[in-house]
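S.K.: Provided herewith is a single structure, encoded as structure tokens, for subsequent inquiry.
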Amino acid sequence: LGMAVSPSTRRLLPLFLGLFQGALLLFFALFVTYDKPSAQAEDVNLVANQLYGIFPLFQDIQVMLVVGLGLLLTFLPQYGFSALTHNFLLLNFSTQWALVLQGLLHHFHHGQVHLDLHNLLTAEFAAVTVLISVGAVLGRTSPCQLLVVAACEVPIYLASEWAITTQLGVLDVGGTITIHVFSCYFGLGMSKALFGAVQQPVHPKETPTPRSDLLSLVGTLILWVFWPSFVAVLCQPGDAQHRAILNTLLAMSASAVTTVVASSLLESDGKLSPGHLQNGSLAGGVAIGAVADMAVPPVAALALGSLSAVACVLGFRFLTPLLARKLALWDQCGIHNLHGLPGILGAAASAVAILVAPEDTSGSHFSQVSPTGGNASEALWGEWGDHRAGRQALCQAAGLAVAIGASLLTGLLTGAALRLPCLARPPERLCFDDSLYFKIQDQAENSRTGDTVEEGALALRERV
């Protein structure tokens, strides 16, 4: 295994990361400073309250991305080290890269980039798109390829999010359209271009074991617990944020129960599929993001959670094999079922919620903050009538179309770039194997044992 990747190729990863981190150090030294609070010294309590209001939610999101999502990806039995480590590496790389780009685009004043916790949070939202997208090609790509994906996807996401929320005025506080749909179809486009028209064979190391499935399910539980923080963190504090938390909990509770029902009914023996539980239980959190802080009744959140779970489970059962057979489309983690289908469902639900909203709905019901920090007009719904609601519903549909179209096109281009030989794509026989990138203790012990046996045999031969 050690000869599968040449030493010069192995040095490409630390060289690339070292140059990146060095350039970032220089950039921070020259241009980055901490943002000064707008409140005066006598308003120190207000500043503290703002920090304590966002930091607990920020910590929840950190646990989601580092621990929950990392463990969710460990369903491949011999790829756990790689899944966790590459997820952690991509999160940090993508966040720093997004901080640079966002700083230059939105927070550059008088020759300085002003940094605060909100900027770091929105940079991590950009990193989330990368973590989701690479799920489509998990196990069949090298770390160098994954870093190229991050370098390309983060600026594309920032441009797409700006077009959807700022230019089109799409309401999407939880990132259903801008994050989940975008990252899903970017990943699928990338996978299609990388692997071409040849259907990928089932790899012997690809089949989960009970232990790897159990570890992945623990990741699902962690994500399930902390998901309301992800949806609500950018809501306006107060009623909107309170409503977003409640709607997210209801949607995810319904999706968890419905997943058990759907998975059991689809199997002839009535047994549950671990893959369905790992993904379907989270589908409600994906779908609810676009309507979480809107004035929707609780039953709507429950219904949306149930529908998204059904869509996710049916996608795993029927759609994924169909796409693999007809289009040779490879989707290792089933991101289309967890992020794509529920994301489209959530976008449709947001359009319906806007159309059926009461005419006297106050602006606070629809006040939103985009992932780049731009506030949607709080007076939007106070002045608009039915025709304005129809126009906003069309904007929601247009935002969905832009997210799908832009992500597919740019994903295809990125996937084509990943085919460069210098990026060290692993050979098929060595895919889904930690030993290609890590020193595994068991192998080292076996190697030492083997050496001892050989040495003993040689000594015996000499004595004879």
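Just so it is clear, glycine is given a Cβ too, placed from its N, Cα and C backbone atoms.
TrEMBL does not curate its annotations; it predicts them automatically.
Below are the features I grabbed from TrEMBL:
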| type | residues | note |
| --- | --- | --- |
| DOMAIN | 24-420 | domain 'Ammonium transporter AmtB-like' |
| TRANSMEM | 12-34 | transmembrane segment |
| TRANSMEM | 54-76 | transmembrane segment |
| TRANSMEM | 88-108 | transmembrane segment |
| TRANSMEM | 120-139 | transmembrane segment |
| TRANSMEM | 146-164 | transmembrane segment |
| TRANSMEM | 214-234 | transmembrane segment |
| TRANSMEM | 246-266 | transmembrane segment |
| TRANSMEM | 299-319 | transmembrane segment |
| TRANSMEM | 397-420 | transmembrane segment |
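Walk me through the surroundings of each of these features.
M.R.: Sequence-distant contacts of the transmembrane segment (54-76) (same chain, at least 6 residues past either end, Cβ-Cβ under 8 Å): 83-84, 87-88, 91, 117-118, 120-121, 124, 127-128, 131, 135, 138-139, 205-206, 208, 212-213, 215-216, 218-220, 222-223, 226-227, 229-230, 232-233, 274-275, 278, 333, 432.
Packing against the transmembrane segment (88-108) from elsewhere in the chain are residues 17, 20, 24, 27, 31-32, 35, 65-66, 70, 114-115, 119-120, 122-124, 126-127, 130-131, 134, 143, 146-147, 150-151, 153-155, 158, 372-373: each is 6 or more residues past its ends and has a CB under 8 Å from a CB in it.
Counting residues 6+ beyond its ends, the transmembrane segment (146-164) has Cβ neighbours under 8 Å at 13, 16-17, 86, 89-90, 93-94, 97-98, 101-102, 105, 126-127, 129-130, 133-134, 170, 172, 177-179, 182-183, 186, 190, 370-372, 399, 402-403, 406-407, 410, 413-414, 417-418, 423 in the same chain.
Packing against the transmembrane segment (246-266) from elsewhere in the chain are residues 174, 224, 227-228, 231-232, 272-273, 276-277, 280-285, 287-289, 291-293, 296, 298, 301-306, 308-310, 312-314, 317: each is 6 or more residues past its ends and has a CB under 8 Å from a CB in it.
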S.K.: Can you tell me which parts of the same chain pack against the transmembrane segment (120-139), counting only residues 6+ beyond its ends and a CB-CB cutoff under 8 A?
M.R.: 54, 58, 61-62, 65, 69, 73, 76, 79, 82-83, 86-87, 90-91, 94-96, 98-99, 102, 145-146, 149-150, 153-154, 157-158, 161, 175, 179-180, 182-184, 186-188, 190-191, 194-195, 203, 206, 233-234, 330-335, 339, 371-373, 411, 431-432
